[in-house]
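A.B. asks: Taken from Swiss-Prot, the feature active site, nucleophile applies to CYS86, supported by sequence analysis. Per Swiss-Prot, the feature active site maps to HIS173, GLU175. According to Swiss-Prot, the feature ATP binding site maps to SER227, GLY228, GLY229, VAL230, ASP231, SER232, SER233, an assignment based on sequence analysis. The domain 'Glutamine amidotransferase type-1' annotation in Swiss-Prot covers 9-199. Taken from Swiss-Prot, the feature domain 'GMPS ATP-PPase' applies to 200-392.
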Amino acid sequence: MTKNIHDQRILILDFGSQYTQLVARRVREIGVYCELWSWDVEEADIREFNPDGIILSGGPESVTEDNSPRAPQYVFDSGVPVLGVCYGMQTMAEQLGGKVAGSTEREFGYAQVKVSGESALFKDLELTQDVWMSHGDKVVEIPADFVKVGETDTCPYAAMANEEKKYYGVQFHPEVTHTKGGLQMLENFVLGVCGCERLWTSESIIEDAVARIKEQVGDDEVILGLSGGVDSSVVAMLVHRAIGDKLTCVFVDNGLLRLNEGQQVMDMFGDQFGLNIIKVDAEDRFLKALEGKSDPEEKRKTIGHVFVDVFDEESKKLKNAKWLAQGTIYPDVIESAASKTGKAHVIKSHHNVGGLPDDMEMGLVEPLRELFKDEVRKIGLELGLPYNMLYRHPFPGPGLGVRVLGEIKKEYCDLLRRADAIFIEELHAADLYNKVSQAFTVFLPVRSVGVMGDGRKYDWVVSLRAVETIDFMTAHWAHLPYDFLGKVSNRIINEVDGISRVVYDISGKPPATIEWE
């Protein structure tokens, strides 16, 4: 009998660490399904989920404080292996009879762990491990039946284990790339200790998603709002593989897209992949609604409302469509559930994840709702979507609506499109595009004096923006070569009539945000 990709699973309890989603992504990368739930989950929910192993994440709280988070007692009564990471190790130690104390020496950054004894967690690893620490408190006394399996110069219990019960704790973060052997440690736990198999692969995810879509919609028709972005594009390919021409995609051209993007979407999905796709040219409608609006939040809301109205009108023309496909991904689900209930594991379908009307009388098809963004990209490649589309830099939902500062006009959008295309083209030509995390151009609603030939010109200013980041929570401005910036500036000023000055944004995040609006 073929095993289902969800048959073996790891449960990750979230205590609030900034790295918790990274733990889940690493487990998926190993090839095992996992879910991320809030630490205060009910015992009945854990029983129903029936995990093969449980990971307790790090977190910002202190075990020494009253009312700080604790793992549900059932975690330790369930008989399944448990791995505590950072705060997770501390609460494990304290709950099982050990002691945790505050430390005058906060350990943050690289450290060397000396591995002692033999532990399944460190199988096939060197006895000295470079790891990433981020903690103030530390375990000062381990519970009975545990042994020390790792220490640093300042942390006597950097790792502990109860091999019989398959309980493990590490004070460092194996999920971050700074911990060189971290992925191997997680593999040792997930595959070795928990006994899971690598069932979670791009091929098996696609096979499972297609089967579930077929079962869910049967012979009904499905409608999808296709933006040309990663998520909706992968949904389009999955649903089309499942039901073929019973899928209709609606592509709304709002006039706020990148240069030639509308035609590229139609060429790729209509001509190349043979999907049913309706293009709605709504540029005038969007620009009319945006007249006189300069506040960024007001612009975002206006763009969202007009999109909903346009999509709603088109969906009503498709009388036989009973299902709405959406590109909801797992981080959306986690964030949405946590904000509504405080418990991130409560996974319910609701239109507002995608920002569509509450009164749409359609069922939801969300084939990506279990997937992280990196997984979506991988299955997109498997489905035949081009690499350069799947791995393009992020583009905001409101498009150029938040890259034209202040009021939006067609003239401004047209100038910005052409300037941005030159910047991106030159980044590719110089082999710099994939060396920065995000790059784009911003239109500034100010005029500046310039000289062209023998005459003076009084035209608009654009700013180039390029950043390097791992998680987009913080970012450094990219130190692009001066010669490169000079070339881009010259091309924009010479080739885009209406722009007289180009500047480069050297602000980090914080204090600035990556986007200007």
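Quick reminder: no glycine exception, Cβ is built from N, Cα and C everywhere.
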A.B. asks: Take the domain 'GMPS ATP-PPase' (200-392) and average the pLDDT across it for me.
C.D. replies: 89
A.B. asks: Give me the long-range Cβ neighbours of ASP231 (ATP binding site): same chain, 6+ apart, Cβ under 8 Å, in sequence order.
C.D. replies: GLY327, THR328, ILE329, LEU368, VAL376
A.B. asks: Recorded positions HIS173, GLY229, VAL230, SER232, SER233: which have a Cα within 10 Å of the residue listed as 'active site, nucleophile'?
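C.D. replies: HIS173, listed in sequence order.
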A.B. asks: Say you check the Cα of HIS173 (active site) against those of the binding-site residues SER227, GLY228, VAL230, SER233; which is nearest?
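C.D. replies: With Cα distances computed to HIS173 (active site), the winner among SER227, GLY228, VAL230, SER233 is VAL230.
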A.B. asks: Can you tell which of CYS86, GLY228 has the least company, meaning the fewest other C-beta atoms within 10 angstroms of its C-beta, among these recorded positions?
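C.D. replies: So among CYS86, GLY228, the recorded positions given, the one with the fewest Cβ atoms within 10 Å is GLY228.
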A.B. asks: What is the total of other Cβ atoms whose distance to the Cβ of SER232 (ATP binding site) is within 10 Å?
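C.D. replies: For SER232 (ATP binding site), the count of other Cβ atoms within 10 Å is 21.
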A.B. asks: Inside 8 A of the center formed by the CB atoms of SER227, GLY228, GLY229, VAL230, ASP231, SER232, SER233, which other residues of the chain have their CB, for the recorded ATP site?
C.D. replies: LEU226, VAL234, VAL235, GLY327
A.B. asks: Could you say which of the binding-site residues SER227, SER233 has its Cβ with the most other Cβ atoms inside 10 Å?
C.D. replies: SER233
A.B. asks: Once near-sequence residues are set aside, which residues in the chain of GLY229 (ATP binding site), 6 or more away, have Cβ atoms under 8 Å from its Cβ?
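C.D. replies: Looking at Cβ-Cβ distances below 8 Å from GLY229 (ATP binding site), excluding near sequence neighbours, one finds GLY327, PHE395.
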A.B. asks: Would you mind listing, in sequence order, the residues at least six apart from VAL230 (ATP binding site) in the same chain with a Cβ closer than 8 Å to its Cβ?
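C.D. replies: The answer is LYS373, VAL376, ARG377, GLY380, MET389, LEU390, ARG392.
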